[in-house]
């Protein structure tokens, strides 16, 4: 979060404009929170299955205290990640999960947090061959390092925009040939035709160069999904593509076409190549603007304050989950999901946002009163006062909406 603030400040000092809007940053952080919720109830699939294979099927045991074993593990994890990532783009069922990460039309450090709730249930398979030789402790370190490395490459602060829309890239010299860099990963997030299905690498870009999926940054990159979804409601962002897949699956009568919907590329159609025809991708001019509907400044401040309080709840829940009852963990998880949904409704300015937020504020007040939500002693009274004012405001908003509906019906 601190680095995200630094990035925003640098972008303001550099170009006079922020790299993102409040709506997008809040949505990305919300996706990050949701993606971690399954670990409240079960150990990570990657580590659990890895340990099982290591304990029962390993062929040899690399020494955990050998430098060459750690370097080998670094390469093996990054190689495996390349194929995790590539399959997530080339198989439609896996893309249904991964598309969450590409749904932002901005490109900044908060985009790195925009992760899928469901992708973790398939990615673990690709790392299992390592368990035949690499100790779980070494794997656990490298799988985290690989993820953390990719945080910093989600940025545009190394790009200078001129008035002619061209870009001057401050590259990293010879390291650009080996490492995945912001420039390389910007291409991966683009919806320009030259960006589609390119630059899958994690920490290294060498796999893309070896397997023919590398593309250098050229024309101005326009970010986001090929077909925009125009919403900030987090559950819709997480699951809308599964509904779309189901509709496409049912559209075809031929079983091979049905299976093709799941196991071929996102843009595949009968009679097209396995990955579809990229020439059919909507044309990008470079003049496209991100979806960013206007909403009152007061609501932006409100959402940010409640978002920060929710981050505190999230942090407390993860720190104390081992001493809480399952019922309490389920209850707090439900509250977090309700809160993230309500925040999305407010940003989207949906008609039902006031009623949902009223319910959330009532629940929040009850959780505060009964000790399920904790706050530092000096902040207890201000937080309760703020929640009470929020409750009153959304109560009045809901009442006015109900009166308006009644007048219409009469």
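Here the Cβ of each residue, glycine as well, is placed from N, Cα and C on the backbone.
Curation plays no part in TrEMBL annotations; they are all automatic predictions.
Residues 327-347 are the range that TrEMBL records as transmembrane segment, among 264-284, 327-347. Of all ranges given (240-258, 297-315), TrEMBL attaches the label transmembrane segment to 297-315. Counting same-chain residues at least six beyond the ends of the transmembrane segment (327-347), those with a Cβ under 8 angstroms from any Cβ of the stretch are 23, 26-27, 30, 33-34, 37, 40-41, 231-236, 295, 299, 302-303, 306-307, 310, 313-314, 317, 321, 353, 356-357, 359-360, 363-364, 367, 372.
Sequence-distant neighbours of the transmembrane segment (67-84) (same chain, 6+ residues past either end, Cβ-Cβ under 8 Å): 123, 126-127, 129-130, 134-135, 138-139, 142-143, 145-146, 200-204, 207-208, 211. Counting same-chain residues at least six beyond the ends of the transmembrane segment (379-396), those with a Cβ under 8 angstroms from any Cβ of the stretch are 302, 305-306, 309, 354-355, 357-358, 361-362, 364-365, 368.
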